[in-house]
Amino acid sequence: MKLVDTSVKRPVGVFMIVIAIVALGFVSLRNLTIDLYPEIDLPIAVVSTSYPDAAPQEVEKLISRPIESSVSSIEGMDTVQSQSQPGTSLVIMMFENGTNLDNALLDVREKVDQIKAVLPENASDPSILRFDPQQIPVMWIGLSGDNASSLQNIAEDDLVPYFERQSGVGSVSIEGGKTREIQVQLEREKLAQYGLNTNSLIQAINAANQSASAGVLEKGDQDLQVRIQGEYESIKDIRETNIISPTGAQLELQDVAAVKDTFKEVTTISKVNGDPSVVLSVLKKSDGNTVQVANNMYDAMDEMKEDLPEGVNMNVVFDTSTFIKQSIQSVVQNIILGGVFSVLILLLFLKSVRATIVIGISIPIAIISTFTLMYFTDNTLNVLTMGGLALGIGMMVDSSIVILENIVSYRQQGYSLKEAAKVGASELAPAVIASTTTTLVVFLPIVFVQGIASELFTPLALTVSFSLIASLIVSITLIPMLSSKLLTKAMQDNGRRYWFDRFMNKVNDKYRSMLRWTLKHRLITLISIIVIVASSFAITPFLGTEFIPSSDQGQIEVQVTAPSGTSLEGTQEITAEIDEKLEPYQEIIESNYLSIGGGGFEGFSSTSNQATYTMQLIPPEDRERTTAEVMQAIDDDLQNIVGAEITVSEMAAGLGTGDPVTIQINGDDYDVLQELADQVVFMISDIEGIHNPETSASESRPEIQVNVNRDKASQYGLTYQQVMSQVQVAFSGQIATRYRENADEVDVRMILPEDERRTISDLESTKIQTQQGNMIPLATIAELEQVQGPVTLLRENQQRQVNVTSDILERDLGSITEDVRSNLESMNFPEGYSYSIGGQAEDMADSFGDLTVALIFSIFLVYAVMAVQFENLLYPFVIMFSMPATAVGVLGGLFITGKPLSIPAVIGVIMLAGIVVNNAIVLVDYINIVRSKGSDRYEAILEAGPSRLRPILMTTLTTVLGMIPLALGLGQGAEAQQPMAITIIFGLTVSSFFTLILIPVVYTYFDDLSRKVVGLFQRSGRRKKKNESVTTE
């Protein structure tokens, strides 16, 4: 091979190229973005619209449904979902895979613009966003102190602007604290006395708080802007705002209202480790490096701490980069351990430090080269891509082992160093290229798999491929060059390792005897292996299935739901009781963030009857119990608390979308949906493994519906809109203007005093001003009815939906899903109502289906590569008989380790399809080489088998031992790679054994078949020639 010859002839050139590649690799490594998982780009968009003080029914009717209808006809649209909550509408659009989301967003914007005119006047302009599942806060920072209002000011005025200027930071949001507000508290009697209404007051306040430009004056060669300054300069100015009554009386605002400098109504309470706090959540930019952003934030916090007032403390509550760094560090340790194991195996077999160095050097060069390819393909440094390197660590030396073994063989036959390097490497280079290609092509179908499985595992496949390509190039360039320089004394007998040679000689003798027996008893051998493989599938029902294993981050979440309508203070009393129950766990809780009434993320309405604890435990090595055990203990302790529904769950870094079990019930009537959902919850509650089942319809809130009698209202000259407006001003208030003070803007809200808007009686007696200026009680023109209203209304594809969701505990997802499906099939759903199973169960089913197709396509590609190499259609079938034997190892390995069949395990099976054939390729190729030199079939097999046993054992052991650290699940974040490593280790080990026995037997059968086919054609050809000659005569 010319490339091999050139490498041996030009060692300096090869050396300099390697140095350049290594340097480029280190530069690339420094610039790679670090994150927990690969970037997930799903074709999902969201339209968010706020409609202050509107009930979910109004939000659904006036906002969600018009937007749904407008966007549903966009090309490529797959599913349209909506969530209508108090004051908020979210319309979620899921496009078909492969849709250009940038173009789709333009279409969405065009459709939404067309229906803006029909949206309510008080609704905000719809915001159109690209859905990014990775846009979760990088860090939560707690700010605590005695004065809540000062904490809010410090956060808003000092910390947020400074933090948002840090490199990589996208935005910083605030939860908790108190926000300043100027309230104009109306005195209804005085308003009635002077014949004033709220509209006239708002107009007066707005008019008095205006600044305007009045043109330009010339002064010499200067143009002076004339500006009339009329904005409020103090609270006193607001109180003294001039008001003119309908009768012409000159009044001041303070004559008809009390102007108070106070705070907005508190809707959320935040506590960090029991102390009232303001919590800042830091989001990174979409292309930001999580670890780098966190490091920048720590530096920024150190700078700002020096300027904080005395008594104000700032600490990190949660830092997601900590787990990322620990996970990456664990993978790096696994790579190092795997590399050490592989090198030790090389040293054991090669008996030479020089030979071990020649091959071992391919590992770091392949890894460093991979970083370069990762950088230029926009991959990130994450748990899965690093896991790909860890998976490939043992395979990186396979090609080099085969090449070096052959070089040494020629060297021992008397060839010079250079000639042995050239001939030995060139002879097996085609086989090495073919075996590496078979490993690479199996990843090609994964790239075309759709959904989250592809998004997550395509980077892993690319990383493994990059490392193998780099190691292949090293094996046919650097290895021959180094062999020609360093192997002068390599591979000579060494007394310290002579025991291993004797051991390998015994193994060779045993293998040769076994090979003779199997060749003489071919049918028995073949049937026995077929029975063993078929029997292994009996294990399948005992395995179970799951989507993607979640990672243990040491986080626990406690969700508290008090009865509907419970006030913020009432919910806080319940959390005080929970705090007492959590006291015994303080030694193992590193941080505890409590949010009462907060949604946690902007865009979602707050609910006063809900609270959420988010707890970070100390590192696993510092505590005796696992996160799951602590979670279960806390769950048991909190069950005795009455007056609230409490669910405790482990917050895992799961890669699924949605809850493990989600049952979607569709129909038109919300009451029927609610009843069906309750029945489903009851039916699945007894299923083993179901944990905390709940329905989206179970949560309701009490509300007072004001039903305006339009006929009575019209008698007083009032419209429905006028009545609604006056009630809203009285009870929720209306922003009249904004007061500017020291670059801050403070809302000036017009509202009734708090003690006049507390009870139903206050609502009934609320004075409504008529067209004539008279004041009448609301009860005169409206009826009040107390009802239970939904908190959230869901729709999918323009049909109402209620979801039943559940966590799972101590049982695999697949088995639970089957039981759930069985129970649902026994239910009778009314006509027009249907159900479907979604969440991770749906993702798992879709991914398994896609990956099964990918596996079949991978096997075909492996066959195609081998057919090209051998220029024969039968020999690839011989080699592919090594694949079925992997089932014994895969299923047995998962059963022994107690791991269910998961997406990573299936990825491992696909990788095996390309790996297990490599040993068979080397074996069959060498049998053909020996036969081409004149040996008969039987002798060629007996010579090739023992001759190739050593490199087959070396490549198998280096691959297997290189993956041992991953299979053991050492370190944090190793859960996603563990099933892959287990699958490959057990599958490759068992397959290698069967390859050495089965492949020679199958080779003889196909060789016999090939001879018969050739003989048949030859006899046919001779008969044809004979007939032609007879005809001629």
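For all residues, glycine too, the Cβ spot is worked out from N, Cα and C.
Any TrEMBL annotation is an automated prediction that lacks curation.
Feature list (source: TrEMBL):
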- 12-29: transmembrane segment (TRANSMEM)
- 331-350: transmembrane segment (TRANSMEM)
- 357-377: transmembrane segment (TRANSMEM)
- 383-408: transmembrane segment (TRANSMEM)
- 428-448: transmembrane segment (TRANSMEM)
- 460-482: transmembrane segment (TRANSMEM)
- 523-543: transmembrane segment (TRANSMEM)
- 848-866: transmembrane segment (TRANSMEM)
- 873-896: transmembrane segment (TRANSMEM)
- 902-928: transmembrane segment (TRANSMEM)
- 949-968: transmembrane segment (TRANSMEM)
- 980-1006: transmembrane segment (TRANSMEM)
Could you check whether the transmembrane segment (848-866) and the transmembrane segment (428-448) come into contact, where contact means at least 3 Cβ pairs under 8 Å with the two residues of each pair 6 or more apart in sequence? yes
Six or more residues beyond either end and a Cβ under 8 Å away: which residues meet both conditions relative to the transmembrane segment (383-408)? 36-38, 324, 327-328, 331-332, 334-335, 338-339, 341-342, 346, 350, 355, 358-360, 362-363, 366-367, 370, 374, 420-421, 424-425, 427-429, 431-432, 435-436, 439, 456-457, 459-464, 467-468, 470-472, 474-476, 479-480, 483, 487, 490-491, 551, 911, 915, 918, 922, 950-951, 954-955, 958-963, 965-966, 973-974, 976-977, 980-981, 984
Have the transmembrane segment (949-968) and the transmembrane segment (331-350) got at least three CB pairs under 8 Å, pairs 6 or more apart in sequence? yes
Is the transmembrane segment (428-448) in contact with the transmembrane segment (980-1006), using at least 3 Cβ pairs under 8 Å (sequence separation of 6 or more) as the test? no
Chain residues in Cβ proximity to the transmembrane segment (428-448) (below 8 Å; excluding those fewer than six residues from its ends, i.e. six or more beyond): 1, 3-4, 395, 398-399, 402-403, 406, 454, 457-458, 461-462, 464-465, 468-469, 471-472, 475-476, 851, 853-855, 857-858, 861-862, 864-866, 868-869, 907, 910-911, 913-915, 917-918, 921-922, 925
